[in-house]
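Student: My questions will all concern the structure given below.
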């Protein structure tokens, strides 16, 4: 019945810029970012799959995280690049709804994966003798499946409820992908319940995963401080500081974007925040989490020498 009341057949995404010159600059920037995301994550997947000494829980999580990053960025970056290149700003209703569903489900899954990887590092550093017993194959698989299941269970209901809303016009969103908060503003019916449900879900996801991540890194830092070797402390702090920088940017921009009332019509600042957590951190993640690792660099060097 609600779909029969829908008169809008497509949405207009205003995109990232309002001048052709700036669109070309942003297109080049995003093409490079997308190339680095694909290159870095495909390298992580191939290296960790083909090297026997990288078959540990840490690399198992990193491999799954790399696959998740590729799928997450592919939900919106290709269409954004196409829009910047061709100046085509419209997106059909089915495409918009699918993009919204996968963007939020995969984005939520990314948050859970970050928390799981921080927990894995905490067990490895704080309880090294019990690490293999705790992080066995079965438990690792259960953690990964839990990440995916919880993400879809939490985000699927409010997203599907949004899809079923009637849209009678206007149909313009000041964003570069289909954003739920802006989509709700375009509906010609009351959306208070869905907005409240979405806010509760985000309150559960963002502070919840952030708490796990913060506590894990806190335990890691305390353990590092008790390490007798100064060289070991410096190396560990260097790794943790890089991880914490990316995690801080990721969570701070997500929280600033979503844990507050949506601005009517959308703001340009929202698009900048979205670029930070959906593109910038995704570009840095494979290089911060994986490709800086000594064992991964050694495996990559051997692979390059083999091919050359």
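Just so you know, the numbers here start at 1 and follow the chain as drawn.
Glycine is treated like the rest: Cβ placed from N, Cα and C.
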Student: Transmembrane segment per TrEMBL: which of the ranges 121-138, 139-156 is that?
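Tutor: From TrEMBL, the annotated transmembrane segment range turns out to be 139-156.
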Student: Under TrEMBL, the annotation transmembrane segment belongs to which of these stretches: 165-188, 237-260?
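Tutor: TrEMBL lists transmembrane segment for residues 237-260.
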Student: For the transmembrane segment (272-291), name the stretch out of 24-49, 61-85, 97-119, 139-156 with the most CB-CB pairs under 8 Å.
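Tutor: The stretch with the most contacts is 24-49.
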Student: Ranking 139-156, 197-225, 237-260 by Cβ pairs under 8 Å to the transmembrane segment (97-119), which is first?
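Tutor: Between the candidates 139-156, 197-225, 237-260, the best contact partner of the transmembrane segment (97-119) is 139-156.
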Student: Let me spell it out: take the transmembrane segment (237-260), skip the flanking residues so only those 6+ beyond its ends count, and list any with a Cβ under 8 Å from a Cβ in it.
Tutor: 111, 114, 118, 181, 199, 202-203, 206, 210, 213, 217, 220-221, 224, 270, 273-274, 276-277, 280-281, 284-285, 288-289, 292
Student: Across the domain 'G-protein coupled receptors family 1 profile' (40-289), what is the average pLDDT of the model, as a whole number?
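Tutor: The predicted confidence over the domain 'G-protein coupled receptors family 1 profile' (40-289), as a mean pLDDT, is 88.
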